[in-house]
Amino acid sequence: MSRLLSLLDEEDSETSYLIAPSHTSNLSSLGRTVMSEGRRRRTDNNAFGDDDSYAVASGSEPPLVHMNQSTPNPLKSRAGESYSAVNLTGLNDDDDTFGDDSVPPIFSKYGDFHTIDWQRDLARDRMRHKLIHKEKRRLLCGPIYGMWDAGSGWICVLMVGMAAGAIAGIIDIGARWMGDLKDGICADRFWLDREHCCWSANDSVYKNADCSAWLSWPEMLRYSQKDFFYHFLELVFYCGWSVLMAGLTVALVKVFAPYACGSGIPEVKCILSGFVIRGYLGKWTFIIKSVGLILASASGLNLGKEGPMVHLACCIGNIFSYLFPKYGLNEAKKREILSASAAAGVSVAFGAPIGGVMFSLEEASYYFPLKTMWRSFFCALVAGIILRIMNPFGSDQTSLFHVDYSMKWMFIEMFPFAALGIFGGVIGSFFIWGNIKWCRFRKANKTLGGNPIYEVLAVTFITAFVSFFNPYTRKSSSSLIKQLFDRCGPEDYMVDLCDYQNKTYSSDKVDDNYHTGELGEGVHSAFLQLTFALIVKLVLTIFTFGIKVPAGLFVPSLAMGAIAGRLLGITVEGFTTSMQKTGGMHNSIWSCQVGKDCVMPGLYAMVGAAAVLGGVTRYVFVQICR
């Protein structure tokens, strides 16, 4: 008794609330009397969780004792006797001091930038289960309500998966259309991007030359003579569209949803660990980040949309959770839905449902019971199915990066692969060092720190101007990665990366990869252009990551690694080709048949992409190939 009174007399600005121990009925009644005037709770959340209003609670909640956080162990008495969780009033399912009849399972709302009480929320969920069990016996429709309560989690993750897949498809389609808008427009069907516009015109070589249905902006102005003024107009429209899209994005973020900038993955991991950030998963953040992600991706900035997709999926999970009071009014239970939503976000970003579950389990979630794992897989699978039905890439694949390599690689190639791993670590360290230096400079500089719109406009203009003159920096990072991963085919005869001299030394047949012989002039030209693109992307990504627009880091890291891997692959391929030509292949450690390709540069691009991504993010990914 003296211990309780001493604790009640302590005053501190940093306080927490703890349910009073129920050693005796007198102690419990004393706690009720002392705290009857001071109990408060926040009103129920609105549908999107953005309302931070308060209201005085009725006398329906468990007695709360004002405790000082500076106390090492507030549940331990002076005599050394400690109160276990079983003896906490309301935490024990068998405790009837204030049972289910007197304490309805209403869950209080936590304040902004507070940490949730896992034990209290989970204990109240047990009380809610106890109440439902009683209602099932008492009411006629009780069993139906019990079935609905048991299946509400599956229904919620089903809705989250369907919505996440649909939103991802819309973002992919919108980003591709607006990205192509910088170069021109489809004359007959303005709502089509360049690829689908050329398909509609039955033009199968749209990748290599301008198709008849696609018109550049100078051609739209009736100027078709390809001279200096023609290319100047292309540059003006390219930079103008890029600056306009990026400027609109940063304006929307600054005015309506400041939380919509950045990737969102670090904050989502913080929320899943039990921290409360009001508005970060709200409706305005979801709307502005969805629109801003389309505009930012299409502007040509060195950023990706894969990281923000996790944030958007968690916003969807937070919004839908309020349709089910079981999750919307219990912060601990809500994180089960958010964990499944994070898995769905990775699933639609990379087309990997199992990878999404692994990401949520290993990297994101703090509380991840077995049932959450199954629901996460179901949510990620549904999201992937919806994305495949929408088919935003036009290839019946859920991922833009889909390759199939069946040729075996040689053991001696382990040394180039190891070199790519070292390069990935070096590039990752350099990027982190440079980005930290730039962020510190931005914070200290009042012009940049206080005017994020000017910074975004400046970075966007420099990026667009520098990228315009190189075909590998001008195209989007996703399209570049896809091209670097692919192997050359008969339809790529006009692509510089596939400009091989079609010569054989032992047979008259072309190999399975449609090219043999020495590297052509186009490959040498592409090698220099890719080297320039690697430097440009590394420098620009350092200045881009951290600006106030929705931005991810996965795709720029993959792009840098893919470029480095393709460069090394071309180098090794040229070496083996020269060995074949001189006839020294049989006496070397490269056991390769003369006239056949021994090295696949696209495979080196895949290894390099994984290496740089691991170096930048410090993540170790388990990849499942099919």
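Glycine residues also receive a Cβ, built from the backbone N, Cα and C atoms like all the rest.
Residues or ranges marked as region 'Disordered' by TrEMBL: 33-52.
Residues or ranges marked as transmembrane segment by TrEMBL: 152-175 (among others).
Taking Cβ pairs closer than 8 Å, the transmembrane segment (228-250) reaches residues 178, 181-183, 216-218, 221, 291-292, 295-296, 298-301, 452-453, 456-457, 459-461, 463-465, 468, 474, 547-550 in its own chain, all 6 or more past its ends. As annotated by TrEMBL, transmembrane segment applies to 228-250 (among others).
Taken from TrEMBL, the feature transmembrane segment applies to 309-325 (among others). Residues of the same chain lying 6 or more positions beyond the ends of the transmembrane segment (309-325) and with a Cβ under 8 Å from any Cβ of it are 45-49, 152-153, 155-156, 159-160, 163-164, 167-168, 171, 263-265, 267-268, 271, 281-283, 285-286, 289-290, 293, 334, 337-338, 340-342, 344-346, 348-349, 364, 383, 552.
According to TrEMBL, the transmembrane segment annotation covers 337-361 (among others).
For the transmembrane segment (411-433), the list of distant contacts is 538, 541-542, 557, 560-561, 564-565, 568-569, 572, 589-590, 599, 604, 607-608, 610-618: same-chain residues at least six beyond its ends, Cβ to Cβ under 8 Å. Taken from TrEMBL, the feature transmembrane segment applies to 411-433 (among others).
Among the features that TrEMBL reports, transmembrane segment is placed at 453-472 (among others).
Summarising the annotation, TrEMBL assigns transmembrane segment to 526-547 (among others).
Per TrEMBL, transmembrane segment is recorded for 553-572 (among others). Residues 263, 302-307, 349, 401, 413, 416, 419-420, 423-424, 427-428, 472, 477-478, 480-481, 484-485, 497, 519, 523, 527, 530-531, 533-534, 537-538, 541, 544-545, 599-613, 615-617 of the same chain sit 6 or more residues outside the transmembrane segment (553-572) yet have a Cβ under 8 Å from a Cβ within it.
For the transmembrane segment (453-472), same-chain residues at least 6 beyond its ends with a Cβ under 8 Å from one of its own Cβ atoms are 234-235, 238-239, 242-243, 246-247, 249-251, 254, 299-302, 442, 447, 480, 526, 529-530, 532-533, 536, 540, 543-544, 547-549, 563.
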